[in-house]
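Here's the structure, in structure tokens; my notes come after.
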Amino acid sequence: MKIATFNINGIKARINALPEWLDEAQPDVVLLQEIKSVDEGFPREIFEDRGYSVETHGQKSFNGVAILSKLPLEDVTRGLPGDESDEQARWIEATVMGDTPVRVCGLYLPNGNPCPGPKYDYKLAWMERLHARAQDLLAAEEPFLMAGDYNIIPQDEDAKRPEVWQQDALARPESRAAYRRILNLGFTEAFRARTHGPGHYSFWDYQAGAWNKDDGIRIDHFLLSPQCADLLRDCQIDKDIRAREKPSDHVPVWVELDA
DNA sequence: ATGACAATCAGAGATTGA
């Protein structure tokens, strides 16, 4: 089972690039972030025609997450528990019914800039809720994963120029500590389970020729529960997508599971 | 370098992102 995560930065803007990548990469499941669309505006037919079922959790203009799946989905839920007043669409869950059922959580973690400030407070509060949800899901001791745009640069090796990110919400010590606290519940970060060293990124800013300079950061991650980590066969970043026509500023990351 | 770059909503330019 191949599961991918991809921050597409607007479904309308990626109306050609996304199907093109799908046809090549042939993922069974895709967790999308930043669809920037309401549910009714999502172009489901493009994906249904390719054999995917479509589950969205959208909002107007910003944020929004979705799941595409060629395998049956069960028990779809929307929204991260822990704050009824939170209106931002950043979390969706479903169980993928392959040979081994896998619970998948697609997430778009708040950016948090500028920091300090209310947006940074929201980021840390959201991560606290993520920690709580992760604990609940781990208690089942079953295969599950949480993947998406974490807006976290875990270590200096995950940025081409770590020094410019030191005071940024994506890399400052409080952000990294909150991320590690979740990881330390017992998750395996899939990419680092298989690949070591610097030079691996999932985001390149549109500005200042970042792509041409390979001035990237790695902020899109797969966290696997222990039972899911046992199924891990591979994890890769589809870097080449970034060089195409009208690309997102993120590229897809995927895992292959023995499930 | 009060910058750049892209997307959204709107129908110009502010807001958001990372």
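Cβ atoms here come from the backbone N, Cα and C positions, even for glycine.
As annotated by TrEMBL, active site applies to A:Y108. The secondary structure of A:Y108 (active site), as reduced to three states from DSSP, is extended strand. For A:Y108 (active site), the same-chain residues 6+ apart in sequence whose C-beta sits under 8 angstroms from its C-beta are A:N7, A:Q33, A:E34, A:N63, A:G64, A:V65, A:R90, A:W91, A:G148, A:D149.
Positions annotated as active site, proton donor/acceptor by TrEMBL: A:D149.
In sequence order, A:F6, A:N7, A:I8, A:N9, A:Q33, A:D149, A:S202, A:F203, A:I219, A:D220 are the residues near A:H250 (active site, proton acceptor), counting only same-chain partners six or more apart with C-beta under 8 A. TrEMBL lists A:H250 with the feature active site, proton acceptor.
Marked as Mg(2+) binding site by TrEMBL: A:N7, A:E34, A:D149, A:N151, A:D249, A:H250. A strand conformation is recorded for A:H250 (active site, proton acceptor) in the three-state DSSP classification.
The domain 'Endonuclease/exonuclease/phosphatase' annotation in TrEMBL covers A:4-250.
Taken residue by residue with DSSP, A:N151 (Mg(2+) binding site) is part of neither helix nor strand, so it is coil. Per TrEMBL, site 'Transition state stabilizer' is recorded for A:N151.
According to its DSSP assignment, A:D220 (site 'Important for catalytic activity') is in a strand. Summarising the annotation, TrEMBL assigns site 'Important for catalytic activity' to A:D220.
For A:H250, the entry in TrEMBL reads site 'Interaction with DNA substrate'.
The average per-residue pLDDT of the prediction over the domain 'Endonuclease/exonuclease/phosphatase' (A:4-250) is 96, rounded to a whole number. Long-range neighbours of A:N151 (Mg(2+) binding site) (same chain, six or more residues apart, CB within less than 8 Å of its CB): A:L109, A:P110, A:N111, A:G112, A:K123, A:A169, A:L170, A:I219. Of all the recorded positions listed here (A:E34, A:D149, A:D249), it is A:D249 whose C-beta has the fewest other C-beta atoms within 10 angstroms.
In the three-state DSSP reading, A:E34 (Mg(2+) binding site) counts as coil.
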